[in-house]
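Enquirer: The structure under discussion is supplied below as structure tokens; questions concerning it will follow.
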Ligand SMILES: Nc1ncnc2c1ncn2[C@@H]1O[C@H](COP(=O)(O)OP(=O)(O)OP(=O)(O)O)[C@@H](O)[C@H]1O
Ligand SMILES: CC(C)(CO)[C@@H](O)C(=O)[O-]
Ligand code: BAL
């Protein structure tokens, strides 16, 4: 595996690959890699001949300076983990000056999807995501890009953006990878204290209980209320808990076959998200 940190070296590399008839898969990440990320890389098996993992903690998608400052980082450990998996050709880890030259003034905005759920909670977040993902897709010239369903709203928004901008790349969605107790793997989990880690299991547990209650005929409003209280009792501050249509993320009913339950909630200053389909 080659570590590339400049745009020019990346361009040279992918230009050579395309000339040789290779197809390229990319897994965009913010590093501090875990099994969820490795599952995204594995999902590219048999679909492409070259694989790139990008690691870039994108400053413009953070609406909270402390969240950016405290975001877990560790490029050496990330490189060692990817090296061990043996199926990554390039780890692309640009620094901020490679991505945002002085005077950088452009934003990609996906209206509608960017202002609900996490977008309402984190103003500007999805403009930052859409902008950096556009740049990473153009820089890597990827044919396929893998994204996790753990960040389901991000996945919907990126699909919309790729379609709207005619970007020549297809999206590979990957189901959420979970710990044995159900907690979705997430880089921010590394910031949880042992006590918070125990509390955190309430997140998937409450979602599952909520889904069961809705399937048994409980009204959406009442069921969400019970679930929200369970989370508060476990020590969470709940930012949103909502049932949305799986394609457009509009509010929906339990009878909708694409209905998904979405949650964002914090333990201390650590904000976690999760989602599960009803069906
Ligand atoms: N548990 C998981 N299962 C499947 N995909 C995941 C999982 N965790 C992260 N991903 C995906 O990996 C990609 C990179 O995500 P990112 O680097 O932000 O990691 P993360 O674990 O989501 O961190 P955090 O949410 O704390 O920022 C995204 O497409 C994300 O959806
Ligand atoms: C897609 C992404 C790498 C853009 O910075 C980030 O939002 C993430 O890791 O999900
Ligand atoms: N995985 C989502 C990136 C973020 O929280 O900024």
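Easy rule for this one: first residue shown is 1, then count along the chain.
Glycine residues also receive a Cβ, built from the backbone N, Cα and C atoms like all the rest.
Automated prediction, rather than curation, is the source of TrEMBL annotations.
What you are looking at is a predicted structure, and each value in this text was computed from that prediction instead of being measured.
Features from TrEMBL:
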type	residues	note
BINDING	30-37, 148-151, 177, 185-188	ATP binding site
ACT_SITE	37	active site, proton donor
BINDING	61	beta-alanine binding site
BINDING	61, 154	(R)-pantoate binding site
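Help me understand the surroundings of these features in the structure.
Expert: On its own chain, residue 37 (active site, proton donor) has 27, 29, 53 as residues at least 6 apart in sequence with a Cβ closer than 8 Å to its own Cβ. Residue 37 (active site, proton donor) falls within a helix when secondary structure is assigned with DSSP.
Residue 61 (beta-alanine binding site) falls within a helical segment according to DSSP. The Cβ of residue 61 (beta-alanine binding site) has 124, 125, 126, 127, 128, 129, 132 as same-chain neighbours under 8 Å, each 6 or more residues away in sequence.
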Enquirer: So what sits near residue 187 (ATP binding site) in its own chain, CB-to-CB under 8 Å and at least six residues off in sequence?
Expert: 30, 31, 32, 33, 34, 71, 72
Enquirer: What Cα-Cα separation, expressed in whole Å, is found between residue 36 (ATP binding site) and residue 154 ((R)-pantoate binding site)?
Expert: 16
Enquirer: Cβ atoms within 10 Å, counted per site: which of 30, 33, 177 has the most, among these binding-site residues?
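Expert: Compared across 30, 33, 177, the most Cβ atoms within 10 Å surround 33.
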